[in-house]
Amino acid sequence: SLSQPVTPELLVSPSSQDGDLGSECPEDRGNWTGRLDFLLSCIGYCVGLGNVWRFPYRAYTNGGGAFLVPYFIMLAICGIPIFFMELSLGQFSSLGPLAVWKISPLFKGVGMGTILIVSLVAIYYNMIIAYVLFYLFASLTSDLPWQHCGNWWNTDLCLDHHVIKTGNTTFPVNISNTVSPSEEYWSRYVLHIQGSSGIGDPGMIRWNLCLCLLLSWTIVYLCILKGVKSSGKVVYFTATFPYLILVMLLIRGVTLEGAWKGIRFYLTPQFDHLLSSKVWIEAALQIFYSLGVGFGGLLTFASYNTFHQNIYRDTFIVTLGNAITSILAGFAIFSVLGYMSQELGVPVNQVAKAGPGLAFVVYPQAMTMLPLSPFWSFLFFFMLLTLGLDSQFAFMETIVTAVTDEFPYYLRPKKASFSAVICITLFLMGLILTTEGGMYWLVLLDDYSAGFGLMVVVITTCLVVTRVYGLKRFCRDIHMMLGFKPGPYFRACWMVLSPATMLALLVYNIIKYQPSEYGSYRFPVWAEVLGILMGVLSCLMIPIGMVVAVLQEEGTLWERVQQASRPAMDWGPSLEENRTGMYVASLAGSQSPKPLMVHMRKYGGITSYENTAIEVDREIEEEEEEESM
């Protein structure tokens, strides 16, 4: 038998004199495995439920086709630039949303705020996926359960539209104070909301919802088990399949009788709307939430890229793809609403709804009017499931990556079990949403968790990168990474336009503040205060982080602040060979005189990125000369 070769003493590298090789460097962080993993993950993350249930309704209430004007302008001003900024930060540093604040340790609280917001969103977002699963299973019948009245959960107000059509009633039926069977199925059977008098009285846990929530958390856990290695493969399905279904629903919708009614409603431009500030604000909000800027998801995904990945191109693919998807979804939704309004003999604006009401009441009701209704219903909910899941992967990946990058030695080897702990914790916190009054809690979370807290986080990020870190330096980093500098459009947006627009959003949100409501139910004051606290808490993380950072420095207060706002010593590209220019030899234990020389030995010759590195070096030297003169 071969004996193990003995390592001679001399071969142990001089840097590890303590002999303890294990503690020297943490386990490798990992990268995406395929070419398309990153792009599809970003598309899957950005294209979520909002594209189907928020955008079409927002467009129709804010001037139809005219809404596309402010929509695309806002996309250009605060969508694309912030998207690109977030991707650049992640890819340049290869760090999660907490550790990335080595860029300016004073503002680490921004990262903590992000994590808080993402955790709250992850709790209720998975509950929506649980509802979708519930309806998905309910669609596996020959007769949809929300098709007729006369079940135990129906009341006397229930009116079945099939009866109106077939019955040769000469007197017109008064529809205004009746309820559709699908609405009662949702509120009285699925939610069982009559068992709760309000948010303070949640009632019993609905066990079937609880099991659906458990199932959705299990699916999410299995998909993020191996981090981006596993979720990067799942998105090949979850990011592309919704498009297939969307096209099927679109073709089905447009061929229905009366479809043009709905589409005319959706697209007729009313340009007088463009004069009101509300429409511009709505457009900006839509862009803001549908691109998922500020949640840390984009930063996390980009941090698993290789250093020279062309994120400039990816930015445009994802943001424009997201916009086109929203517009397409509008056609699919409104063509069906048009058909429905014709069947029921009511105007389109009476059937149009947004949010859960559209997905769980109006659309399912429209499905019952089609031939093969269970099939279409199953397809619709399957589409919602795949749309929701990959956004949820991103939220989870963000939380896990953020914390493991803070403690790489302990947590990186145990990533799978750590993910399990987080999933279980969030599942238990979400149990309140499975009670009979759970919908009230869901609305509260939805309204307050990612409201102004998110805006404050994004505005701060934008200002720190351009003012504290320095726009010049940030552009130089991008130059190092991509081989070209961002143009005047990006610089103008980062410096002035994006922060100003978002500040306007923030102010508008605070001035126009309206307390939450669900249907006719008004939330009590304590619930509102709780909601506002959720938002304020994520903002409070910023000053708390500042205090902690300042306490860790020494000197007078001003010296400490200055010291804490400078990038940490090890800030920069994570791999030695990408550290050129000002980042050379600033890594702990780095012994190379110039990574460029290492590169020459390794690859022979100079690549285009080396040229860039030399250019950037020359630029820095020139600037230093200017300053010293």
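Using N, Cα and C of the backbone, Cβ positions are placed for all residues, glycine too.
For 1-24, the entry in TrEMBL reads region 'Disordered'.
Marked as Na(+) 2 binding site by TrEMBL: Gly44. The Cβ of Gly44 (Na(+) 2 binding site) has 28 other Cβ atoms within 10 Å, all protein chains considered.
The Na(+) 1 binding site annotation in TrEMBL covers Val47, Asn51, Ser290, Asn322, Leu387, Asp390, Ser391. Cβ environment of Asp390 (Na(+) 1 binding site): Ser41, Gly44, Tyr45, Gly48, Ser231, Val234, Val235, Thr238, Ala239 lie under 8 Å away, each six or more residues apart in the same chain.
Positions annotated as transmembrane segment by TrEMBL: 68-89 (among others).
Here the transmembrane segment (110-137) has long-range neighbours at 49, 97-101, 190, 208-209, 212-213, 215-217, 220, 294-297, 356, 359-360, 364, 377-378, 381-382, 384-385, 388-389, 391-392, 395-396, 398-399, 402-403, 426-427, 429-430, 433-434, 438, 441-442, 445-446, 449-450, 453-454, 456-457, 460-461, 464, 534, 537-539, 541-542, 544-545, meaning same-chain residues at least 6 beyond its ends whose C-beta is under 8 angstroms from one of its own. Per TrEMBL, the feature transmembrane segment maps to 110-137 (among others).
Marked as disulfide bond by TrEMBL: Cys149-Cys158. Of all the Cβ atoms in the protein chains shown, 19 others lie within 10 Å of the Cβ of Cys158 (disulfide bond).
Summarising the annotation, TrEMBL assigns transmembrane segment to 205-225 (among others).
According to TrEMBL, the transmembrane segment annotation covers 234-251 (among others).
Annotated transmembrane segment per TrEMBL: 283-304 (among others), in sequence order. Outside the transmembrane segment (283-304) by six or more residues, the chain places 29-32, 38, 41-42, 45-46, 48, 50-51, 54-55, 58, 62, 67, 70-71, 73-75, 78-79, 82-83, 86-91, 93-97, 100, 111, 114-115, 117-118, 121, 228, 311, 319, 322, 326, 391, 394-395, 397-398, 401-402, 450, 454-455, 457-458, 461, 501-502, 505 with a CB less than 8 A from a CB of the stretch.
Per TrEMBL, transmembrane segment is recorded for 316-340 (among others). Outside the transmembrane segment (316-340), and at least 6 residues removed from its termini, the chain residues within Cβ reach (under 8 Å) are 39, 42-43, 46-47, 51-53, 55-56, 59-60, 68, 71-72, 75, 79-80, 83, 243, 246, 249-250, 253-254, 256-266, 286, 290-291, 348, 351-352, 358, 362-363, 365-366, 369.
Per TrEMBL, transmembrane segment is recorded for 375-395 (among others).
With a threshold of 8 Å between CB atoms, the same-chain residues lying at least 6 positions outside the transmembrane segment (416-442) that come near it are 119, 122-124, 126-128, 130, 191-199, 201-206, 209-210, 213-214, 217, 220-221, 224-227, 396, 399-400, 403-404, 518, 521, 523, 527. Annotation source TrEMBL lists transmembrane segment at 416-442 (among others).
Among the features that TrEMBL reports, transmembrane segment is placed at 448-469 (among others).
What TrEMBL lists as transmembrane segment is 489-511 (among others).
What TrEMBL records for 531-551 (among others) is transmembrane segment.
Under the criterion of 3 or more C-beta pairs below 8 Å, with sequence separation of 6 or more, the transmembrane segment (489-511) and the transmembrane segment (375-395) do not qualify as touching, having fewer than 3 such pairs. Sitting within 8 Å of the Cβ centre of Val47, Asn51, Ser290, Asn322, Leu387, Asp390, Ser391, and not among those site residues for Na(+) 1, are the Cβ atoms of Ile43, Gly44, Tyr45, Cys46, Gly48, Leu49, Gly50, Gly292, Thr325. When Cβ distances are compared across the two stretches, the transmembrane segment (448-469) makes contact with the transmembrane segment (68-89), since 3 or more pairs at least 6 residues apart fall below 8 angstroms. Comparison of 205-225, 375-395, 531-551 by number of C-beta pairs under 8 angstroms to the transmembrane segment (234-251) places 375-395 first. Put simply, Leu387 is the one of the binding-site residues Asn322, Leu387, Ser391 whose Cα lies nearest to the Cα of Cys158 (disulfide bond).
In this structure the C-alpha atoms belonging to Ser290 (Na(+) 1 binding site) and Cys149 (disulfide bond) are separated by 37 Å. Look at the recorded positions Cys149, Leu387 and count other Cβ atoms within 10 Å of each Cβ; Cys149 has the fewest. Sequence-distant contacts (6 or more apart, same chain, Cβ under 8 Å) of Asn322 (Na(+) 1 binding site) comprise Ile43, Cys46, Val47, Asn51, Ser290, Leu291.
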